[in-house]
Amino acid sequence: MVADPPRDSKGLAAAEPTANGGLALASIEDQGAAAGGYCGSRDQVRRCLRANLLVLLTVVAVVAGVALGLGVSGAGGALALGPERLSAFVFPGELLLRLLRMIILPLVVCSLIGGAASLDPGALGRLGAWALLFFLVTTLLASALGVGLALALQPGAASAAINASVGAAGSAENAPSKEVLDSFLDLARNIFPSNLVSAAFRSYSTTYEERNITGTRVKVPVGQEVEGMNILGLVVFAIVFGVALRKLGPEGELLIRFFNSFNEATMVLVSWIMWYAPVGIMFLVAGKIVEMEDVGLLFARLGKYILCCLLGHAIHGLLVLPLIYFLFTRKNPYRFLWGIVTPLATAFGTSSSSATLPLMMKCVEENNGVAKHISRFILPIGATVNMDGAALFQCVAAVFIAQLSQQSLDFVKIITILVTATASSVGAAGIPAGGVLTLAIILEAVNLPVDHISLILAVDWLVDRSCTVLNVEGDALGAGLLQNYVDRTESRSTEPELIQVKSELPLDPLPVPTEEGNPLLKHYRGPAGDATVASEKESVM
């Protein structure tokens with residue numbers, strides 16, 4: 001038995017001579033920690049699990065949903081789910097979708113108004129230009145990757161087998177087609193909504209009617225409002241409205257504070273919804289698998305096409321986008337991706353970029369250190385215009401259908417597919433059944449038959465989820481790149497350009513008490529840290 005070293009009155013071990021003649025003091029607590037290293041590591045594991053509990057629950061929910069769906073669909077008999085029982089089975093997932101969609105409108109409008117009002121017009125223009133450039137370049141890269149993979153893997157080479165098995169369904173279920181010009185005109189119309197209230201739940205879309213004009217049947221375009229939020233129009237209005245509030249100067253500060261407070265309250269709701277997300281995701285994934293009649297046969301027939309899409313999404317999401325992030329920031333991109341695992345899993349479960357937006361904002365701000373005025377300005381724009389996954393999938397599908405129809409694609413047609421996929425993916429968020437309708441636009445642009453889109457619809461439930469994951473990953477990495485740009489700009493300048501730096505005395509008509517926690521106030525504490533010495537109000541001029 002080893003005797004304890006002598007201790008002083010403060011619990012420190014007696015001083016022992018060191019090799020250089022000095023004295024070393026070791027506390028009893030340090031010795032206990034060294035002796036109980038196993039307990040310390042166990043505490044570290046416990047803290048790590050507690051910190052990443054939501055991430056682990058979300059990933060487990062996806063795996064459990066796949067297992068549950070395969071188990072229920074394979075059991076049959078008494079466990080077979082008809083349409084009425086299936087709707088009850090997926091009800092927890094439906095609740096999650098409804099909760100997330102409830103948050104989208106106030107979150108997008110308030111965050112964009114507050115973000116646009118917090119930046120001077122020059123900084124706003126620079127941030128917007130860099131964001132759009134990043135989104136455009138990555139979408140073009142995704143489109144090129146999709147075309148290259150489809151030409152290399154030849155997913156539509158086995159045309160005879162696929163046509164024999166599902167050719168009848170393809171001829172019976174034609175997807176709605178739209179002229180390319182009308183599609184881009186609809187995009188422009190949705191940018192400028194005629195009614196902001198109806199834009200919250202309706203968007204403009206052109207349909208066609210056959211009319212008898214001078215004895216001939218003519219297809220006439222007819223505009224109508226269809227179900228689906230016009231998020232593109234709301235984004236444009238919110239940005240312009242935020243700039244207008246900034247131009248008002250002191251008169252607009254009260255309204256800016258209102259939108260900032262509204263946005264903070266919305267984020268509190270998001271933090272509550274996040275803990276229900278794993279339950280909803282599990283039942284959404286399981287319900288979609290149960291809904292498919294024969295998953296194994298479907299993969300056997302279209303496995304090469306599915307492989308091409310998923311492989312393209314994996315290459316773009318795990319190699320291309322992280323490489324771009326690393327080249328510009330010199331930071332580990334995979335550490336950044338670990339911080340957004342929860343919204344990525346939510347994107348897979350909900351298959352909606354907009355529904356994932358609240359969780360993505362919270363995670364990039366809290367886990368990856370992106371400033372609020374950047375994340376809440378860039379992420380809503382990215383959810384609207386950045387569709388890397390959709391562009392890649394549409395290019396693969398277009399080449400797949402061309403191979404299926406035994407039509408060759410020359411250089412001009414390939415360039416047309418790339419440009420059309422990049423441009424049409426911008427408006428996909430504002431179009432009901434977005435991905436499939438924009439695919440019809442691409443097929444029309446290169447004179448390919450649209451009747452084979454039914455094959456794409458058969459596996460869209462899986463490919464679309466992969467598209468959504470890639471879309472939201474691109475949004476988050478774009479926000480991280482812009483945060484790095486802002487940090488470098490501020491480090492070069494004594495007066496940061498991208499935040500308000502102009503100070504003025506508080507206005508007498510609108511005194512703001514410090515207890516309100518106003519984001520437009522900066523509080524400074526004295527040397528003792530016991531009282532506020534001065535406060536500045538950041539000008540919105």
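Cβ coordinates come from backbone N, Cα and C, glycine included.
Residues annotated as N-acetylmethionine in Swiss-Prot: Met1. What Swiss-Prot records for 1-51, 117-130, 249-257, 329-333, 365-373, 483-541 is topological domain 'Cytoplasmic'. Positions annotated as transmembrane segment by Swiss-Prot: 52-81, 95-116, 131-153, 225-248, 258-285, 307-328, 374-400, 461-482. The topological domain 'Extracellular' feature in Swiss-Prot is assigned to 82-94, 154-224, 286-306, 401-413, 448-460. If you look up Swiss-Prot, you'll see 334-364, 414-447 marked as intramembrane segment. According to Swiss-Prot, the Na(+) 1 binding site annotation covers Gly382, Asn386, Asn471, Asp475.
Most Cβ neighbours within 10 Å, among the binding-site residues Asn386, Asn471: Asn386 holds that distinction in the structure as shown.
Within the same chain, residues 89, 274-275, 277-279, 281-290, 292, 295, 341-342, 345-346, 348-349 sit at least 6 positions outside the transmembrane segment (52-81) and bring their C-beta atoms closer than 8 Å to a C-beta of that stretch. Of the candidate ranges 131-153, 225-248, 258-285, 307-328, 461-482, 258-285 contributes the most Cβ pairs within a distance under 8 Å of the transmembrane segment (95-116). Taking residue pairs at least 6 apart in sequence, the transmembrane segment (307-328) and the transmembrane segment (461-482) share three or more C-beta contacts under 8 angstroms. Comparing 131-153, 258-285, 307-328, 374-400 for CB pairs under 8 angstroms to the transmembrane segment (225-248), the maximum falls on 374-400. Counted with DSSP, the topological domain 'Cytoplasmic' (249-257) comes out as 9 helix, 0 strand, 0 coil. The transmembrane segment (307-328) makes no contact with the transmembrane segment (258-285): fewer than 3 of their CB pairs lie within 8 A, with pairs spaced 6 or more apart in sequence. For the topological domain 'Cytoplasmic' (117-130), the DSSP counts in helix, strand and coil order read 11 helix, 0 strand, 3 coil. Within its own chain, the transmembrane segment (374-400) is flanked in space by residues 107-108, 111-112, 114-116, 119, 127-128, 131-132, 135, 138-139, 141-147, 149-151, 155-156, 231-232, 235, 238, 263, 305, 308-309, 312-313, 316, 321, 353-354, 356-357, 360-361, 364-365, 409, 417-418, 421-422, 424-426, 428-430, 434-435, 438-439, 442-443, 446, 448, 456, 463-464, 466-472, 474-476, 478-479, 482-483, 486, which lie at least six positions past its ends and keep a Cβ under 8 Å from the stretch. According to DSSP, Asn471 (Na(+) 1 binding site) is assigned to a helical segment. Residues 321-323, 477, 480-481, 484 of the same chain sit 6 or more residues outside the topological domain 'Cytoplasmic' (329-333) yet have a Cβ under 8 Å from a Cβ within it.
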